[in-house]
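These notes concern the structure reproduced below.
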Amino acid sequence: MGQLTYFQVHLLFTLPPLLLLQLLYQPLRTPQDTIKWSFLILIAVIYTTPWDNYIIYHDAWWYCPTCVVGTIGWVPIEEYLFFVVQTWGVGTLFSLLTRVERLPILDVRPMGNSVRVVPCAVLLAFGAWAYSLAIPGEKTFYMACIVAWISPVLAFLWYLSASYTLRRPLSFILSLTLPTVYLWVVDTVAMRAGVWHISERTSLEWEVWRGMPVEEAVFFAVTTGVVVLGCSAFDLAAALLHTYADVAPALKGVDTTPSFSLSYFGALVRALLTHEFGQLDELLVDDIASSIDILREASSSFYTSSFVFGPEMRQNLCVVYAFCRVTDDVADEASHGTVEERKKKLGEMKRWVADTFPSREELEVGEVKKIEGEVKHENPAFRTLGRLLRTKIPKEPLLELFQGYEWDLEGKRKVHTESDLLKYSSYVASTVAEICVWLMLPNTNESCGPMPRAEVMQKAREMGLVLQLVNISRDILTDAAMGRCYVPFTYTSPGELPELLALASHNPPGPALERVVRQNGLAGRCKSWARRMLGVAGGMYEGSWTAIGSLPRGCRPGVRSACEAYWAIGGEVGRVCKEGGDGVYPMRARIGRWKRLWIVVKAIYRPEISVAEWGMGWKGVGSVGGMMWAAGVMRAVLLCYGMWQDAHSPLKYTDIDYQVFTDAAKYVWRGGSPYERDTYRYTPLLAWMVVPTAWGGAWTAWGKVLFAVGDLVAGYCTIRILQLRGMRTARALNFSALWLLNPLVAVISTRGNAEGLLGAMVVGSLLAVVKKRTHTAGVLMGLAVHFKIYPIVYVPAVLVAMDESYEGSVEAPAGEGVKTEVDGEEEVSKEEKAWVEKGLAWVNPSRFNFAFASAVTFVGLTCGMYYLYDAEFLEHTYFHHLKRSDHRHNFSPYQLLLYLSASPAIKASQWIPFHSFAFVPQLLLSCVVLPFAFAGRDLPGTMFAQTFAFVAFNKVCTSQYFMWYLVLLPLYLPNSPLLTKPYKGLAALALWVGAQAVWLHRAYALEFLGENTFFPGLWVAGMLFFGVNVWILGVVVGKLGGPGMWDKRGVVRKIYWG
């Protein structure tokens, strides 16, 4: 294999675990996690860089010059990458482990000085002593440098977070030992391979094992410990800030929204200082602990699901659940007194809610009245709710909840009809769902997805109905034992419910009651009632499920897992009901712990798509899962066939370009440049991505598999875009089949062409635009442009599409001037503003975010590749394609002229090469005319038209370029004249294929028969194909447009798809 390089160490040993951890944690990641990791990485790089340069300068360790890409100062570039990888990886592992532990706020109480101060003093003393021994050239130099450098940081972080960290021993030990031992092994492999070496002259020459110097062992241990303590300190500060921001006087008015702003970091510091000086009320911590205990004992499903939420949301939801449980117990439990006494208690609670919490209107306008002094109540659940959430939830759903309790206490109120059942369920369950949405979507004007906030609220209330109906269908016997029944009279025959209640009153709950109910023939009737209620719930479940996609990303896994865990209970009830007859109807159906855990795992990692749409297992191509399976199997078969053909036929299945990719990857694997391979005209990233092909054996197909996966990702993104724009799943699958089940697409990718990967970036960027993830869209677009320059044509289209309607800030109908008044003087209308002001107004936040993210990504990657590979990177990746004048025959209308211009005599006579002018019509159409004319009304259609024009007018046009617009065809085709007017679509298809057939006939005569068909044969055929493309482009743009992709609220406009 040759000399191991530092880059290969990362590729083989450090990046795969980081990638795995990121994949595991990605669905659980919160903005706070991102800020924490980024902050710690920044500090690690800044603090470690001068120290590392110092010890390398003094020869404490050295690296093999041919094993590194380059250096910044004295430190290899890969070493800087190690600072990032170690910090990010350890931080992710710690976050993952602490997510399944109890809430951070429960571990904030400081321990005694013997735990905090004494270790700090010892660390600082060791640091001072080590500083005196850090003499260059001495045997103690390297170890002393490590200890002197790390001791102050360890002492500082230990003082801040020791109490918090030691109360989480399992997370602390695993986060410290697992990465440390793993890095020891990696370091041993690298040192034995000669990638770097510790100087014996400045080392103690003690070894943990062969090839593992004690200095390296200490270094990895202490740096890992610093990251763990840094994460602990950040989590501690965030927990204090979130909990006490509206409670502690010292933290009133601070910025609690996680961000990279100085105000947020200042708020974290203030929270730590306030805690340090004992100015925080510890009773609140006890109250929160009581709330969590209530949830743990009352509902295993919701308690398990609560771990999926981020700490802040989990804490809030636990507080809400505890309040609901306490009030429900007052209504249900005889231990709280007689019915009249319980009514009185609930009345007092209701008045407390009405006096403490603001109305919906007050929350929406941000005018929450202040309460003099602290929120007080004798019950800890009430105290916690009032102190933490008073400014976050309105009183109306809380008061509505009490109407459900009053229903329970008024025995004369019965559930006569299904409408009564839904009304009661709305009181006791829809209210809780609405409260959750208030907590998850505090901004009263926005959601985090395509569905408006008001609709999300309504769907959440429906989901509350669903879960309550599941609860009632499960607890028919349990409720009967408590003397009540929620089965509508209209479901039953006369006398059935009184008989059930009588049996329940004379038999103890449990197996005895189950047996008596069965013996009296009522078990079958209970199953019938439960089936009917579950049928009502099932009719609402799928519709309300779709609203989860408009919640904040960090909340979706938790909501999905909670809903699915409860819906699985309904499935268990349904299974019992399907048995039919008079079999036992259980007191309370349950699902096992492992099944509940598996439901949570599936809810976290399954793509964000509805249960019915995805399907379970193989159900044909009528579900998203079935379509993806079919497309994947199709490509797997082609891959296997290609391997067989390559092994048994002189005519190879594999594309010659794939051999170029794999050859370049071999050079990279050996520490060289991909441009050592002639005709490699791509970004080095592509060679890096297919490096596993250099390992030989089955790995040679790695690149083809990667490109085929790109096909699948592009197809899945296409389905999601069509769904978000209002298309039914079944029809979206039909259109996505034009890409996913297209044999041409599958063959091109499995032969080893990377166009599918590029298609995934482009369509992924478009999906991010539709979902309003502008930073993600920009990063993907910048990456696509870096891979191949042509996607830059989409940038103006996306920017044009991100207009006022995209921002949700349309203030008046188009064409009307908007007048405002300032200081009594009327301002001029928008139409009369200066051009400069209009230009500044055009740069809205979405446009800025997209442009900035795409520019940073493209420039960062380009500068990085230029640093690594110098001018040959720019020449082969970009300049070659700009100067390229391929005179070989292809579909381009310029082909004959380029062929003739290739003559040395004509070349010498050209002042400006002819091919330089070929870009003019191409760029005018694709970058200016089409985006500015149509992108504001139909972005996907415009992008298809841009690509079609770019390919048709390109000076080189081959069949693989068709992939560029075929990936966008399913997004344009619905409601296009090519489909709504079948004669046009059939004519376009026939002409497009026929013109290619004519060209291929002349090309066959040239290549295989040796006939000179350049003129007029190939030229006429090429012009015919160009003419057909121009006519098709005219048809496409002739019907582009519409009312726009977004309405005035910034919500994706649903389209009638015919």
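Cβ from N, Cα, C; glycine included.
Per TrEMBL, the features are:
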TRANSMEM  6-25  transmembrane segment
TRANSMEM  37-56  transmembrane segment
TRANSMEM  80-97  transmembrane segment
TRANSMEM  141-160  transmembrane segment
TRANSMEM  172-198  transmembrane segment
TRANSMEM  754-770  transmembrane segment
TRANSMEM  777-802  transmembrane segment
TRANSMEM  850-869  transmembrane segment
TRANSMEM  917-936  transmembrane segment
TRANSMEM  948-973  transmembrane segment
TRANSMEM  985-1005  transmembrane segment
TRANSMEM  1017-1038  transmembrane segment
**Asked** Does the transmembrane segment (37-56) make contact with the transmembrane segment (141-160) through 3 or more Cβ pairs under 8 Å, each pair 6 or more apart in sequence?
**Response** yes
Same-chain residues at least 6 beyond the ends of the transmembrane segment (985-1005) with CB under 8 Å of its CB atoms are 889, 891, 977-979, 1011, 1013, 1017-1018, 1021-1022, 1024-1025, 1027-1029, 1031-1032, 1035
Under 8 Å Cβ-Cβ from the transmembrane segment (172-198), and at least six residues away from its ends along the same chain, one finds 3-6, 9, 13-14, 17, 60-64, 67, 86, 89-90, 93-94, 97, 142, 165-166, 208-213, 215-217, 220-221, 224-225, 228, 231-232
Here the stretch out of 6-25, 80-97, 754-770, 777-802 with the most C-beta pairs under 8 Å to the transmembrane segment (917-936) is 777-802
If one takes Cβ-Cβ under 8 Å and requires six or more residues beyond its ends, the residues near the transmembrane segment (80-97) are 10, 14-15, 17-18, 21-22, 24-25, 28, 33, 36-37, 40-41, 44-45, 48-49, 72, 170-171, 174-175, 178-179, 183, 223-224, 227-228, 230-232
Outside the transmembrane segment (777-802), at least 6 residues beyond either end, the same-chain residues with a Cβ under 8 Å of its Cβ set are 682-683, 685-686, 754, 757-758, 761-762, 764-766, 768-769, 844, 846-847, 849-858, 861-862, 878, 881, 923, 926-928, 930-932, 935-936, 939, 942-943, 946-947, 950, 964, 1045
